[in-house]
Amino acid sequence: MDAGRMKKHRDSLGRADVPVWPSPDRIPEHWETELNHELKISVARPLAPSPRHCIISGGVKGVHELLKRNRQWAAETVRDSPYFFEKLSQAQSPEILWIGCSDARVPPNQILNLKPGDVFVHSNVGNEVVHSDLNCLSVIEYAVVHLKVKHIIVCGHYGCSGIKAALSRQEFGLVDNWLRTIKDLYIEHKTHFLALEQPKQKLNLLTELNVTKSVYNVCHTRIVQNAWKAGQELSVHGWCYSIEDGEIRDLNVTMTDASCVEPIYQRAMEKEASEIQATANIPRSPRRQHCGKPPLKTADLF
């Protein structure tokens, strides 16, 4: 989106006086050029017309096509499993809460090879969990308190346009406010990013850090803390999905009770730093002590 169109967009929202979020400084020029080139293709520009992206017509015709597809799917499902909808309509009892990205290429049921009704899903741009998002917190509460899910999975994906946008100097509108926490995460770990040369490495690192931070935030909610305190079986996991090969990478930040949240989170942060320092061959900072910290207190939670 060029500067003129962006100004019109912001003026139409009555937000012309809102300052641009400061971009992370000291970004290598060659990285910025490559990253902005990718963003223009994957975010700012509409997809070029092709058979794969024009499967549904526009307007009323497209609506009829979608309804026809629905009827075909329902008929095929009943043919293969006559009692499928009868059983599905009785109640939902998923054991998994999936917190993922809104990206259309990451459908949780399919990549987990599970059926409708097996996964309770919450999606947003960048798979973020923040204390001000009542939508996400309400989903977590319903899943944990009422559905009694056994697993909460925060799953990001490599090549996420939201992560790319957070690292870009471009403006994209309202989503810039939503991505602010990811920008803050970059600034918090800026020295790690400056040690990496390839844009893809930086994007992958921020993707993984964002998932780990969201797992940490899930565990800080009163909802999860109270469930653990009551002895409820509940695990929180952090994963990253690769669209290139369809496989999921476990980030090894699974948390099963309040006492392990801080040690696992700190260990994950130190592991990332160690891997980066080994790759870049730079001196390690003094190791932080994280063991023996008391469990989180309710007063510290949101």
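Just so it is clear, glycine is given a Cβ too, placed from its N, Cα and C backbone atoms.
Given the ranges 23-50, 275-302, the record in TrEMBL names 275-302 as region 'Disordered'. Residues CYS101, ASP103, HIS157, CYS160 make up the record's Zn(2+) site, and a Cβ search at 8 Å around their centroid adds GLY100, SER102, ARG105, VAL106, GLY126, ASN127, GLY156, GLY159, SER161, GLY162, ILE163, TYR241, ILE243 from the same chain.
It is CYS101, among the binding-site residues CYS101, CYS160, whose Cβ has the fewest other Cβ atoms within 10 Å in the structure shown.
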